[in-house]
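Below: one structure, written as structure tokens.
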Amino acid sequence: MSKFALPALPYDYSALEPHIDTMTMNVHHKGHHQTYVNNLNGAIQGEHGGQFKGLSIENIQRNAAKAPDAIKAAVRNNGGGHYNHSLFWTLMAPTGSANSAPHGELKQALEAEFGSVDEFKNKFNAAAAGRFGSGWAWLCMDRSGKMFICSTPNQDNPLMEGISEHNGIPILGLDVWEHAYYLKYQNRRPEYIAAWWNVVNWDKVVENYSRAKQQNTPVFDVPLA
């Protein structure tokens, strides 16, 4: 029976230096993300996981609130962990290899919604820095095509209808769990957030925006192994 698998990184563990350190990337990917994959597979392959077998990870997110009580926490936490991290890896690129700023229709949309790209970043930074404890900051598009910024606790994300306070399609996301930055930045989360912008893969974010505009086309999905 097919199961989800840990996706390979699209770059070396050291590729995001000096902004994201090699050891953090190694532990984050092979340790934390692998654990989410293992636990998700255990939940959906068991006796209570029938409704999720064969579903895409995106559809698992959308239906996490409907999971049977016996596996609801596992599906929410580990399904979210797998989706969030699989997306997160693609949103970064080796230092100096990608466009350093949003462009095209995405740039125009950010300026229209937030006033300027800089103001968008300020609001996104505030959402990321202001998330108490562990969680994520997101740039999303809602069903009307409106862009918005939000944050979610733990491994929740805006696809989780009935769970997340704000629902929409994630276009850009930042992991602000301590395991994403503590080895290099310790308790200096704002410093980590500022450094992260140096490795954002804006070409991918532009692509995500274009796909989100279609609404019925998944921005990102993870195939079964």
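Think of each number as a place in line: the chain as shown, counted from 1.
Heads up, the Cβ atoms here are built off N, Cα and C, so glycines get one too.
Those TrEMBL annotations? Automatic predictions, nothing curated.
TrEMBL lists H28, H85, D175, H179 with the feature Mn(2+) binding site. The feature domain 'Manganese/iron superoxide dismutase N-terminal' is assigned by TrEMBL to 3-93. The domain 'Manganese/iron superoxide dismutase C-terminal' feature in TrEMBL is assigned to 102-207.
The Cβ of H179 (Mn(2+) binding site) lies under 8 Å from the Cβ of T24, V27, H28, H32, each of these being in the same chain and 6 or more residues away along the sequence. For the domain 'Manganese/iron superoxide dismutase N-terminal' (3-93), residue counts in helix, strand and coil come to 54 helix, 1 strand, 36 coil, using DSSP. Compute the center of the Cβ atoms of H28, H85, D175, H179, which mark the site for Mn(2+); besides them, the chain residues with Cβ within 8 Å of that center are H29, H32, H33, F88, W177, A180. Taking Cβ-Cβ distances under 8 Å and a sequence gap of 6 or more within the same chain, the neighbours of H85 (Mn(2+) binding site) are H28, H29, H32, H33, Y36, D175. Counted within 10 Å of its Cβ, the other Cβ atoms near H28 (Mn(2+) binding site) come to 23, all protein chains included.
Mean model confidence for the domain 'Manganese/iron superoxide dismutase N-terminal' (3-93) is a pLDDT of 94. All protein chains considered, the CB of D175 (Mn(2+) binding site) has 24 other CB atoms within 10 Å.
Counting residues of the domain 'Manganese/iron superoxide dismutase C-terminal' (102-207) by DSSP class, helix then strand then coil, yields 49 helix, 22 strand, 35 coil.
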